[in-house]
Amino acid sequence: MVDYHAANNQSAGGVQTYMEQENDWDRDLLLDPAWEKQQRKTFTAWCNSHLRKAGTQIENIEEDFRDGLKLMLLLEVISGERLPKPERGKMRVHKINNVNKALDFIASKGVKLVSIGAEEIVDGNTKMTLGMIWTIILRFAIQDISVEETSAKEGLLLWCQRKTAPYKNVNVQNFHISWKDGLAFNALIHRHRPDLIDYDSLRKDDPVTNLNNAFEVAEKHLDIPKMLDAEDIVGTLRPDEKAIMTYVSCFYHAFSGAQKAETAANRICKVLAVNQENEQMMEDYEKLASDLLEWIRRTIPWLENRTQEKTVKDLQAKQEDFRDYRTVHKPPKVQEKCQLEISFNTLQTKLRLSNRPAFMPSEGRMVSDINLAWLSLEGAEKGYEEWILSEIRRLERLEHLAEKFHQKAAIHESWTDGKEAMLTQKDYETSTLSEVKALLRKHEAFESDLAAHQDRVEQIAAIAQELNELDYYDAASVNARCQKICEQWDSLGSLTQRRKESLERTEKQLETIDELYLEYAKRAAPFNNWMEGAMEDLQDMFIVHNIEEIQGLITAHEQFKSTLPEANKEREAIQAIQAEVQKIAQSNGIKLSGANPYTTITPQSIDSKWEKAMAMVPQRDNALQDELNKQNSNDSLRATFAAQANTVGAYIQAKMEEIGRISIEMNGTLEDQLTNLKEYQKSILSYMPEINKLEGYHQHIQEALIFDNQYTSYTMEHLRVGWEQLLTTIARTINEVENQILTRDAKGISQEQLYEYRASFNHFDKDHSGGLKAEEFKACLISLGYDVENDKQGDAEFNRIMGIVDPNSTGTVTFQAFIDFMSRETTDTDTADQVIASFKILAGDKNFITADELRRELPPDQAEYCIARMAPYTGPDAVPGALDYMSFSTALYGESDL
């Protein structure tokens, strides 16, 4: 028989040196019958362990490979490659051709087949068939075994020695007699699966029991078929080395696959743990955002409620509720909003570090949505505060006008009382001529008095109209009273006109009239009206808001007092007229019939009203002085608030500028920077008592109804916003440093690299804005060695980088985006392909995985996590319960929907 494949493999002479001694297969040397029996059984079981994957097996190793069909199928299964199409004919030439195709394939793998020809395999030569199978086992089961630069047989032997070294009574030196007592097989299993073997119960003097125990456990739990018989090994002086090596190689591949599965499971556990933590952070963010938006949604309608109150006291109760909202309810929500932004930034950083897609909150729950809702809240808050202040002014004005209306109405009604009856009486019909003349003069005086009261009626109507325009709550009763006064006034006008006409018809009968009475009446009526007006003015209520206004009232009052001497002279002149009447009557013996017929105003009433008016003057002095003192006190409150506000405002401005410098000029390690920033935050928070003191001053200002302050440009609202911005800015700066620490730790960036990145960034940040424009960023990249010069290739590379660091095309690159880019460029992360490869190992190279395999390889909670989220596998090789781990892995990294 010729060397069938020697000529085809001259170039592979040095490739398979590990097989040289094994290829010394002497045709003339017959196998030991015991060894042949062991090889036949072992090789048959080894072949069937692979052929069963194709749904077939062999019974007789020298007979079943004669036609070459199952031999080609075996090679396809163990190599994973397709062989040429076999010939299906039954003739000898067809069988030889099929076997030659198999031998050609073996030779193509660098195996030198010595003295093995297709004719001998077709003829069923047991020695040649076993030799060929051993060659296949060496190439496909033992060749790739490598331990510390040793391979094949030496590598497998070294692996066995290392795994069994800790076990007593085991000393593996070869692949024959070292395995006869069975302890080495049991030690291999116990080393990798101690739960399957009670090694301490085994006895060296009971080899059959030991061997059968190892074979049964391997077949039942490790999916290694039984390839040896315990009795054959024990009954043979020197067991067959090839049979032992074949069987032991199955243990190597079984346990090395388990190690790969454990590594794959650990990788998946790590990835799933990161994903579970991120999902929890997403749920926490969604809940906090939802709660904060719900609070804003419930609060804004309350702030937009413009239900009007009837009194200043009721409105001040609303103001107190608003103050509680500002000092008690809102501050915790400010902290929640700040924490929400920090949690969002931290989550996005963790997602970037774990190579996950960015987190997109539910619709309407983005940080920008919350900021927009917060702006609406602050707008409603500002509007509500302004409305309360304007309502207080309006109600004060209304109460003042209502009091003034009722006061003037009462005076007018008192004056009109009985006037209609007087105007409708027919007394002139039975009076004498002189009495009629007197009645006419009296009526003329009444008309003068009526004209004098016209102004008061117009004032009453004007006040009523203003009360209606200001939406006075009791406008109905005011309107009714005003309507009654106006209707009565119109009636008085009509009655007056008719009485005058009646008196004029009888005027010819009137001849004499007492001129003095007439003069008295004409002068007394205006004077009396002036006194009533003066008394109204002295009792008039006033509202002022500053010193200038009260000083104006005091000046007007002083001017009024300066007219009193002249008024007193007029009073004395009027009283002199009445005295002259008495003197004339006495001197002429005239008997006066009674009171002055032209007026009801008596000298006594004039004196009485004068005394009352004079008594009101000092009262008015005291009231004006009290108000002046009050305004002086209010001015002091303004000055106190202004002094504290100017101090706080300057402090906030200085700290904002200082934080800006700190964020650019921070030195030391990131941990030192974080510690310094937190200490700086603590020092700022220690300033809170000054803010509270200012709030106290502001409360005094509001309680005193002070609405302006010329001593400061700061308002409490501006300072509150500034303080909140200061706290938020320092919190954001701390969060930025924390995110840099996360980036450094996760990406393995050294402190020196961070310093270099920070120095480069600050160097090109010319305006210290905390961001780089496009040209500044390009210059920074060039300084770090990136090829982004102004040419076609450089522009393309720069546009690619800008798409990473500025995805929203704002034109500005932040320091955090710069750090993320540099860390991504210099470090490696897990990818979807790596996770898919890990799942493929767990699945035993299948394109799908089952729930049982996941539960066997992964911790329970993460196994159930995968089962719940993996889609069913629908490929052509799917089995019931198959799961698609590929789509699940890509979904973890945002390449598809999970």
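A Cβ is built for glycine as well, from the same backbone N, Cα and C atoms used for every other residue.
Annotated features, as they stand in TrEMBL:
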COILED    436-470  coiled coil
DOMAIN    37-141  domain 'Calponin-homology (CH)'
DOMAIN    150-256  domain 'Calponin-homology (CH)'
DOMAIN    752-787  domain 'EF-hand'
DOMAIN    793-828  domain 'EF-hand'
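In terms of DSSP helix, strand and coil, the domain 'Calponin-homology (CH)' (150-256) has 66 helix, 2 strand, 39 coil. Remote same-chain partners of the coiled coil (436-470), defined as residues 6 or more beyond its termini with a Cβ less than 8 Å from a stretch Cβ, comprise 394, 397-398, 401-402, 404-405, 408-409, 411-412, 415, 422, 427-428, 478-479, 482, 485-486, 489, 492-493, 496, 499-500, 503-504, 506-507, 509-514, 517-518, 521-522, 525-526, 529, 597-599.
Sorting each residue of the domain 'Calponin-homology (CH)' (37-141) by its DSSP state yields 71 helix, 0 strand, 34 coil.
For the domain 'EF-hand' (793-828), the model's pLDDT averages out at 78.
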